[in-house]
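So that you can see what the record holds, here are the features copied from Swiss-Prot:
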- 33-62: disulfide bond (DISULFID)
- 40-55: disulfide bond (DISULFID)
- 45-63: disulfide bond (DISULFID)
- 1-22: signal peptide (SIGNAL)
């Protein structure tokens, strides 16, 4: 029965996100960008695009064509 506590503790340590990584947040931001009709740009948006948000905590921009 004690092994269950050890396994639970190890599972918990693997599921806790690393500070600064933001894996779940980045995934949600990318999904929200796609829902709004945008794309994730690495550096900046193209000249005929406008920035409508962010795709990650590290600075990727969500861009879509200007209306």
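Every residue gets a Cβ built from N, Cα and C, even glycine.
In three-state terms derived from DSSP, residue 55 (disulfide bond) belongs to neither a helical nor a strand segment and is classed as coil. Separation of the C-alpha atoms of residue 40 (disulfide bond) and residue 62 (disulfide bond): 5 Å, rounded to the nearest whole number.
Each residue contributes its Cα atom, and for residue 55 (disulfide bond) and residue 62 (disulfide bond) those atoms are 6 Å apart.
In three-state terms derived from DSSP, residue 33 (disulfide bond) belongs to a helical segment.
When the Cα atoms are compared, residue 33 (disulfide bond) and residue 45 (disulfide bond) turn out to be 13 Å apart. Look at residue 63 (disulfide bond): DSSP puts it in a strand. Each residue contributes its Cα atom, and for residue 45 (disulfide bond) and residue 62 (disulfide bond) those atoms are 8 Å apart.
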